[in-house]
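A.B. asks: Take a look at this one; I'll ask things after.
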Amino acid sequence: MTTRILTGITTTGTPHLGNYAGAIRPAIVASRQSDVDSFYFLADYHALIKCDDPLRIQRSRLEIAATWLAAGLDVDRVTFYRQSDIPEIPELTWLLTCVAAKGLLNRAHAYKASVDKNVESCEDPDAGITMGLYSYPVLMAADILMFNAHQVPVGRDQIQHVEMARDIGQRFNHLFGKGREFFVMPEALIEESVATLPGLDGRKMSKSYDNTIPLFSSAKDMKSAISRIVTDSLAPGEAKDPDNSHLFTLYQAFSTPEQCAQFRSELLQGLGWGEAKTRMFTLLDEQLGEAREQYLSLIERPADLEDILLAGAQKARRVATPFLEELREAVGLRSFRTAVQNADTGKKKTTKGARFVSFREDDGSFRFRLLAADGEQLLLSRTFADGKAAGIVSKQLQQGGELDLRSEADRFTLWLNGECVADSPVFADATARDNAVETLKLALAPQQD
């Protein structure tokens, strides 16, 4: 089976060593596998959320495109495109926006962090918050679901967005699928071995901290940047601790095991920091020198980059265009030439049943809610260690069968295989509780034609 992998980089800055080691290099390695279908894109719509400088965005798009190619991306093996060259993506974003719950978006980490920052500053909670920031998880869901990606490589801080894409995709399937699963449920791919590099000051290398080493800066500028890496004050001849050295962590990400072992040994034997930084520069210059020349050549040929990206967009749209037509048909945005069935020709009456919504708690555990057709919460599950366990339980409930419901004063619980798996809300009295039990049984009963 071929696995489709999708990843994008937001075009708001110049690529640095952290981008390369943490995202670009592992993605290029993965793209060479015979059983992988890779979709890589420049997330320039996302960039508009973070940056209002047109020249910076334009320059960043050019630099990131050139970086991917100079680093060895084979555009004949992958689909490489700009997000803004795929008009189906914003259209799908709107279709998904119309089924995305506001409560789901309220829980997005970036939005909550912005609100919390405003509250701490005694400002209006929504001060400076745009609809772009608030709803960008829907745009990210469209990026993923447009191509039915199986896996999305992300950092741990991005797991929530993949889970939100799943929630939104499930909701669309439930409302419009009529037995068909339009969207594959994507999985977040966490690469534990992928490097998170320290910046010049020891914090995570990030444009936000202004502590980056540009990937393809000139040899002179790279040497100057490396010389500014923070180290301790131990003199040459004094033993250094590699495990607490930002310089060693950086060296480790680019060296072979043999080179790394040698560098560690020399630090323990008292190698001076000045000489250690010189070796760091030599290692990077040898590894990146040829790619730097290719990068500079591509930067000088923007028309060639444009042609490559437009060809990639055509390739991507061969997937996106017919799929979006199916989705438009599903929601009722149909051509008037499409035959419309009426009730006299045997159209079945259908009712919208209950639906399951899964989510992840801040502590990493998984839960699901069972919501009635009108949105009322019928059940809230207990916590599960992983999403698979939660999915097994919700799938069992969807299969119908006798329910083990146990009344407890002003609420009831649901049991499976001798274990309590979900709780009802608290009710005003026993009558309301018993009515809710009947509603739950009806909601989980197999649908009849």
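The count begins at 1 with the first shown residue.
Just so it is clear, glycine is given a Cβ too, placed from its N, Cα and C backbone atoms.
Annotations for this protein, taken from Swiss-Prot, read as follows:
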BINDING   THR10, THR11, THR12, GLY18, ASN19, GLY155, ARG156, ASP157, LEU197, LYS204, MET205, SER206, LYS207, SER208  ATP binding site
MOTIF     11-19  motif ''HIGH' region'
BINDING   ASP143  L-tryptophan binding site
MOTIF     204-208  motif ''KMSKS' region'
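I would like each feature placed in context: is it buried or exposed, what are its neighbours, and how far apart are things?
C.D. replies: The Cβ of LYS207 (ATP binding site) has THR12, GLY13, HIS16 as same-chain neighbours under 8 Å, each 6 or more residues away in sequence.
According to DSSP, the motif ''HIGH' region' (11-19) comprises 3 helix, 1 strand, 5 coil.
Following the DSSP three-state reduction, the secondary structure of ASP143 (L-tryptophan binding site) is helix.
Across the motif ''KMSKS' region' (204-208), the DSSP tally of helix, strand and coil residues reads 2 helix, 1 strand, 2 coil.
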A.B. asks: Using a Cβ cut-off under 8 Å and a sequence separation of 6 or more, which residues in the same chain sit near ARG156 (ATP binding site)?
C.D. replies: ILE190
A.B. asks: Checking distant contacts: for the motif ''HIGH' region' (11-19), what same-chain residues at least six beyond its ends satisfy Cβ-Cβ under 8 A?
C.D. replies: 42-44, 47, 50-51, 56-57, 60-61, 63-64, 67, 195-197, 199, 204-207, 212-216, 250, 253, 284
A.B. asks: Between the Cα atoms of THR10 (ATP binding site) and ASP143 (L-tryptophan binding site), what distance do you get, rounded to the nearest Å?
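C.D. replies: It is 12 Å, counting Cα to Cα.
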A.B. asks: Name the residues of the same chain, 6+ apart in sequence, whose Cβ is under 8 Å from the Cβ of MET205 (ATP binding site)?
C.D. replies: HIS16, LEU17, GLY18, LEU197, PRO198, GLY199, ASN211, THR212, ILE213
